[in-house]
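Feature list (source: Swiss-Prot):
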type: TOPO_DOM; residues: 2-32; note: topological domain 'Cytoplasmic'
type: TRANSMEM; residues: 33-56; note: transmembrane segment
type: TOPO_DOM; residues: 57-83; note: topological domain 'Periplasmic'
type: TRANSMEM; residues: 84-112; note: transmembrane segment
type: TOPO_DOM; residues: 113-116; note: topological domain 'Cytoplasmic'
type: TRANSMEM; residues: 117-139; note: transmembrane segment
type: TOPO_DOM; residues: 140-171; note: topological domain 'Periplasmic'
type: BINDING; residues: His154, His174; note: (7R,8Z)-bacteriochlorophyll b binding site
type: TRANSMEM; residues: 172-199; note: transmembrane segment
type: BINDING; residues: His191, His231; note: Fe cation binding site
type: TOPO_DOM; residues: 200-225; note: topological domain 'Cytoplasmic'
type: BINDING; residues: Phe217; note: ubiquinone binding site
type: TRANSMEM; residues: 226-251; note: transmembrane segment
type: TOPO_DOM; residues: 252-282; note: topological domain 'Periplasmic'
Amino acid sequence: MALLSFERKYRVPGGTLVGGNLFDFWVGPFYVGFFGVATFFFAALGIILIAWSAVLQGTWNPQLISVYPPALEYGLGGAPLAKGGLWQIITICATGAFVSWALREVEICRKLGIGYHIPFAFAFAILAYLTLVLFRPVMMGAWGYAFPYGIWTHLDWVSNTGYTYGNFHYNPAHMIAISFFFTNALALALHGALVLSAANPEKGKEMRTPDHEDTFFRDLVGYSIGTLGIHRLGLLLSLSAVFFSALCMIITGTIWFDQWVDWWQWWVKLPWWANIPGGING
């Protein structure tokens, strides 16, 4: 693949965290580095083990292939390969691949002399994954509380986990996470629409500037966050959504064991609701 006109001058040696100059090269447009090799190794090994699991399961249908964690009776110990051991090794591979990819992003940032915002953001995705397959199962005492690797089976796990604690929508951290997800979608949809509007003016007119974009929202709602500010806001909203998604899971079954609707009894029991005729406490 041909280099872009400006690309070659940014391909400079150095900035590596591990391995020195050994893997400090590119394959086409892709920077390799030690962590690129590590990512490939972990990803390839994980895929091979998933294929092995498919052989043991007796199906090659992608919708039916599923790698299950060990049964609850194994606790936090190792399990035979066919009874959850493959899931444990694949989880190690997935974690290794994700962390290596993030560190590869760090090396690219070091080469370009830019901030570490991208690997920092990706670290939140890793946090969410590890919450489900490592932190929460360890806190609950068994790998069997983690989700299986399968298209349909992991959806069944989500449903079963939710209904185990009643209506999961009453989980306050879940409420906050969903609010951030929707707000993030709204903010970035408005941002994308605004940029496309400025880039596609009426026929015969020049492309509009950020001043036009700012003026639109000042006219609309009285305030514009600005071209840089909207990206800061988008990052804040998206990271908050991921953080509270992880939080809503880590507190379920570890510090809260009942149905989530019961958590809201503190609201019902507030003194100013008491003795209201026809009210819940009346």
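Cβ coordinates are placed from backbone N, Cα and C, and glycine is handled just like the others.
Because the structure is a prediction, the values reported are computed rather than measured.
Features recorded in Swiss-Prot, as mapped to the structure shown.
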residue: His154; record: (7R,8Z)-bacteriochlorophyll b binding site; contacts (Cβ under 8 Å, 6+ apart): Phe147, Pro148
residue: His174; record: (7R,8Z)-bacteriochlorophyll b binding site; contacts (Cβ under 8 Å, 6+ apart): Phe168, Phe244, Ser245, Cys248, Trp260
residue: His191; record: Fe cation binding site; contacts (Cβ under 8 Å, 6+ apart): Ile230, Gly234
residue: Phe217; record: ubiquinone binding site; contacts (Cβ under 8 Å, 6+ apart): Leu194, Tyr223, Ser224, Ile225
residue: His231; record: Fe cation binding site; contacts (Cβ under 8 Å, 6+ apart): none
Q.
Within the same chain, where does the topological domain 'Cytoplasmic' (200-225) have neighbours whose Cβ lies under 8 angstroms from its own Cβ atoms, ignoring anything closer than 6 residues to its ends? I mean 6 or more beyond.
A. 194, 233
Q) Near the topological domain 'Periplasmic' (140-171), which residues from the same chain, at least 6 beyond its ends, have a CB less than 8 A from one of its CBs? A) 50, 62-72, 74-76, 79, 84, 87-88, 90-91, 132-134, 248, 251-254, 256, 258-264
(Q) When DSSP is mapped onto helix/strand/coil, what comes out for His174 ((7R,8Z)-bacteriochlorophyll b binding site)? (A) helix
**Q.** Tertiary contacts of the topological domain 'Cytoplasmic' (113-116) (same chain, 6+ residues out, Cβ under 8 Å)
**A.** 106
Q | Local confidence of the topological domain 'Periplasmic' (252-282) - pLDDT mean | A | 83
Q: Quickly jot the same-chain residues contacting the topological domain 'Periplasmic' (252-282) by Cβ under 8 Å, restricted to those at least six beyond its ends, or write none.
A: 136, 139-140, 145, 161, 164-172, 174
**Q.** Intrachain neighbours beyond the topological domain 'Periplasmic' (57-83), with Cβ under 8 angstroms and 6 or more residues off its ends
**A.** 49-50, 89-90, 133, 137-138, 141-153
